[in-house]
There are 2 protein chains.
Amino acid sequence: MSQLKKSWVDSANSAETPFPLNNLPYGVFSTADTEPRCGVAIGDMILDMQAAEEAGLIEIGDEPVFDVPFWNELMELGSDAWSALRARLGQLLGEGSTERDAVEPLLVAQADAELHMPFLVSEYTDFYAGRQHAANMGAILRGSPDLPANWLHIPIGYNGRASSVVISGTPIHRPNGQRKAPDAEMPSFGPSMRLDIELEMGAIVGKPSEFGQPITVDEADDMIFGYVLLNDWSARDIQGWEYQPLGPFQGKAFGTSISPWIVTAAALEEFRAPTPEREKELLPYLDGSKDGLYDIELQVLMQPEGGDTTSVVGETNYTRMYYSAAEQLCHHAIGGCAMNVGDLLGSGTISGPTKTEYGSLMEMSWAGREPFTLDTGETRTFIEDGDTLTLRGAAKGDGFQIGFGDCVGQILPAVSWPK
Amino acid sequence: MSQLKKSWVDSANSAETPFPLNNLPYGVFSTADTEPRCGVAIGDMILDMQAAEEAGLIEIGDEPVFDVPFWNELMELGSDAWSALRARLGQLLGEGSTERDAVEPLLVAQADAELHMPFLVSEYTDFYAGRQHAANMGAILRGSPDLPANWLHIPIGYNGRASSVVISGTPIHRPNGQRKAPDAEMPSFGPSMRLDIELEMGAIVGKPSEFGQPITVDEADDMIFGYVLLNDWSARDIQGWEYQPLGPFQGKAFGTSISPWIVTAAALEEFRAPTPEREKELLPYLDGSKDGLYDIELQVLMQPEGGDTTSVVGETNYTRMYYSAAEQLCHHAIGGCAMNVGDLLGSGTISGPTKTEYGSLMEMSWAGREPFTLDTGETRTFIEDGDTLTLRGAAKGDGFQIGFGDCVGQILPAVSWPK
């Protein structure tokens, strides 16, 4: 395990900052004076990449890369460019940099910046690859923790809706939709009454695969540019009524929040961790040579409207997944589905084995049957209007941590319908 | 019902051409001399829209619209621009046009042109909205034609994969994937052995809806720019093993073919037809004021490799759907899912009540149990390598028809894997 890499930006040298020189995550920001543009977080500052490129401090590729407010163009350049940029940022921002005088004026305080979507989402896929979550959902919904017959063989996934993916901080309206009570004869229409989160990691595809051509797990691993925290907001009642036989649709399409900073696979490299021992041997196409998970500590926090006390309601770790993002991506392309730069893969809900380690309110409240208590003394089963839900994550090194920035969303009341 | 509108392009005045002046469908073409560009089919010719715009014959909006090889930019301009362009094309190409001398040099023979994807697919959603198909699939897969409990209330859909959508003529590799025989203990990996088509219509969204904001059926109807034929290639064995509990994934991701010409909603307007009588009353949010289907006759044709005899294996009509594209689009957005220009909605498989009217081989061969015979005397259950499948469709007027161009795909052998 490496140690803290020192920067001349003082705030980046704290054991508490999520953004030391070891991290260098990629986001998009604006200020009162500037339109949205690419930036790199360092301590409590952001390096303005557009300005750095214009000043000749960053030269990646033949054309400007940072004249657009998203990171897809860097991804398009391929992994040599990814490595070159990371090395160059280390030079510019590292302790003893000879270019500090040129770089320092290009730093913007995070406190003065608004963050925006860091990349254009091409397509969004959500998986169901947490063993404990799948067992819990089976126990809750079907009365048995037995896994679906295919679960130990396939990283089960479904296509989600890219247009629903929003940056942390975007308020989410409680969705309207169809739901049917078990004892009702007919469905009814109205606001979801079982609104939930799902704590996930999101993997961002940075290299494409060709239509009609499968890929290996190792190739898939190389295609992943970086990771974000991902909250797959879920309307359990809408989902429960709609999902047979073709899977989740409107119960998952009203919002998917991601954290503001893309943490690169390179920054996470030293935190690689193995997938758990296989209960059944996987088919050989799902074999890879690398540890595919990462040791990232994760939290779910909840705060009622108007309160000032935020309660940690769940704590788990990305290593709780059964399938890695590389395995998921390999499976995604194995029939010839073309994968594109900007594709986003949700890991599936990450739950540990005990009740304090669950990644959804469905599990925490056991489908609403067992309310849980916040630090304020209030209880919850599902989300109430005005509640703010936050995901937080960090890989912890020796005297430093690699964070993502909080993934935050407040639930607003449903829009009235019909208008 | 209107009659044939005459054009000075002679080939457009035949009762047999799919592209009379009444149609004016939008595609993208290239020739030996030109890169891909937008074009409008008229008889056996194509009007080069880039050249027409450069020549000042077409002026839509303040900026050039046809300097890019896709129709999304026209869609972005909104329905006044859609109407204005259609009216202008009628002027330019109609009998007695005073501008014939300027337009005629801009016509390209379809025989000399290669066709390309007519629009950028933003996201792709596939529905399951044909009553007969749903009953057939229930009978085949679950032993009962009873519909899922939600089917008569919800236009059931799932998100598909936009990166799999290809233009007619693109060969499709038989996909590899996981499948498990009912009596096998473990799944195996290899080429799909139950490769199928689904005969569908595709509706193209031309106007966006806002994140968090539902739409009505009438608003949805106004958002639809046009239609294509759509073949939702399906690997039944892969789908059957993967689809519980989250729906189809790799069984549907190896290719979705569309016909080359977008037939506008305006061209189809006079062929509107009602959805069937409701077996259960729909929730009010699914009410609309217009007939949402169109009277479009549809065929499935099959030709073994190397043969010269094409057999019609299925004939049906778009009016066989239970839900309209506008109802599907309304439902898609009802929870606040943002819909974007270029979104593509597959209708679901269109099957009529008798065996000659089915829209998939799964139904024609009753899951492989009842082989059907081609005109050559050969039999088929599912698709064999080298087979070419074609979808054809036309709305039939008084002495004219509105066609889409064939939607063709040949199945190539699976790629060998591992490499």
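Glycine is no exception: its Cβ is also placed from the backbone N, Cα and C atoms.
As recorded in TrEMBL:
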type	residues	note
ACT_SITE	B:H133	active site, proton acceptor
BINDING	B:Y128, B:R142, B:Q239, B:Y243, B:T349	substrate binding site
BINDING	B:D232, B:K252, B:T256	Mg(2+) binding site
DOMAIN	B:22-118	domain 'Fumarylacetoacetase N-terminal'
DOMAIN	B:124-398	domain 'Fumarylacetoacetase-like C-terminal'
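Structure with TrEMBL features highlighted.
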residue : record                       : Cβ neighbours (10 Å)
B:Y128  : substrate binding site       : 25
B:H133  : active site, proton acceptor : 27
B:R142  : substrate binding site       : 11
B:D232  : Mg(2+) binding site          : 27
B:Q239  : substrate binding site       : 21
B:Y243  : substrate binding site       : 22
B:K252  : Mg(2+) binding site          : 30
B:T256  : Mg(2+) binding site          : 28
B:T349  : substrate binding site       : 30
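Rounded to the nearest whole angstrom, the C-alpha distance between B:T256 (Mg(2+) binding site) and B:T349 (substrate binding site) is 13.
Nearest to B:K252 (Mg(2+) binding site) in space, judged by Cα atoms and limited to the recorded positions B:Y128, B:H133, B:R142, B:Q239, is B:Q239. Within 8 Å of the centroid defined by the CB atoms of B:D232, B:K252, B:T256, the record's Mg(2+) site, lie the Cβ atoms of B:Y124, B:D126, B:G160, B:R161, B:S164, B:E198, B:L230, B:N231, B:W233, B:S234, B:A253, B:G255, B:G346, excluding the listed residues themselves. Within 10 Å of the Cα of B:D232 (Mg(2+) binding site), not one of the recorded positions from the list B:Y128, B:H133, B:R142, B:Q239, B:Y243 places its own Cα. With respect to their backbone Cα atoms, the residue listed as 'active site, proton acceptor' and B:T349 (substrate binding site) stand 6 Å from each other. Under DSSP, B:R142 (substrate binding site) is assigned to a helix (H, G or I) in the three-state scheme. Contact with chain A, taken as any Cβ pair under 8 Å, is found for the recorded positions B:Y243 out of B:H133, B:Y243, B:K252, B:T349.
Secondary structure at B:K252 (Mg(2+) binding site), taken from DSSP and collapsed to helix, strand or coil, is helix. Across B:Y128, B:R142, B:Q239, B:Y243, B:T349, which the record gives as binding substrate, the greatest C-alpha separation is 18 Å.
Counted with DSSP, the domain 'Fumarylacetoacetase N-terminal' (B:22-118) comes out as 37 helix, 22 strand, 38 coil.
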